[in-house]
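Down below is the structure, laid out as structure tokens.
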């Protein structure tokens with residue numbers, strides 16, 4: 001396995017699960033959004049405000065291309081990374097892809113107090129999350145080697161299921 005890549009919506013647990021997986025596998029953990037923030041010296045909401053979503057997505061595409069060239073990392077992506085064909089191709093080629101699926105209710109609960117989510121600056125975040133998932137779910141599934149449900153499950157149990165499911169896959 002070159003890399004282990006986590007995709008899924010906001011609030012699915014990609015960063016939390018990714019850190020635990022990296023520790024378990026003794027691999028470095030990278031979060032594409034955090035890497036963008038480190039490189040630019042600006043947080044994601046500021047980038048959205050100054051460059052708009054298209055500007056952020058350009059930065060994200062470059063970061064994903066770079067991170068997928070690595071060897072032996074656990075990578076958590078932003079929820080919208082799958083929207084670009086180039087990202088989906090890079091993620092698929094970059095390693096094993098795990099789709100962490102979470103219900104809208106779980107996503108709302110996990111993101112409610114997070115001010116770093118520009119797309120959720122709205123009166124009705126559940127509606128926005130529902131609309132985003134309707135568009136993105138087929139794209140997550142398109143590139144996923146494994147789909148894992150995260151609702152009402154402790155992160156450690158999710159990690160154990162991911163490792164077990166990946167062990168069952170034939171080499172590629």
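Each Cβ is built from the backbone N, Cα and C atoms, and glycine gets one as well.
Pulled from Swiss-Prot, these are the features on record:
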BINDING   11, 12, 13, 14, 15, 16, 117, 153  ATP binding site
BINDING   15  Mg(2+) binding site
BINDING   33, 57, 79, 136  substrate binding site
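Mapped onto this structure are the features recorded in Swiss-Prot.
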residue : record                 : contacts (Cβ under 8 Å, 6+ apart)
14      : ATP binding site       : 6, 7, 8, 31, 76, 77, 100
15      : ATP binding site       : 31, 34, 76
16      : ATP binding site       : 155
57      : substrate binding site : 80, 83, 84
79      : substrate binding site : 8, 9, 10, 12, 132, 136
153     : ATP binding site       : none
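When Cβ neighbours within 10 Å are tallied across all protein chains shown, the highest count among the binding-site residues 11, 12, 13, 33 belongs to 12. Using the Cβ center of 33, 57, 79, 136 for substrate, the list of other same-chain residues with Cβ within 8 Å runs, in sequence order, 10, 60, 77, 78, 80, 81, 82, 83. Rounded to a whole value, the Cα-Cα separation of residue 33 (substrate binding site) and residue 11 (ATP binding site) is 14 Å. DSSP classifies residue 33 (substrate binding site) as helix under the three-state reduction. Put simply, the two farthest-apart Cα atoms among 33, 57, 79, 136, the recorded binders of substrate, are 18 Å from each other. Take the CB of residue 136 (substrate binding site) and look out to 10 A: across all protein chains shown you find 19 other CB atoms.
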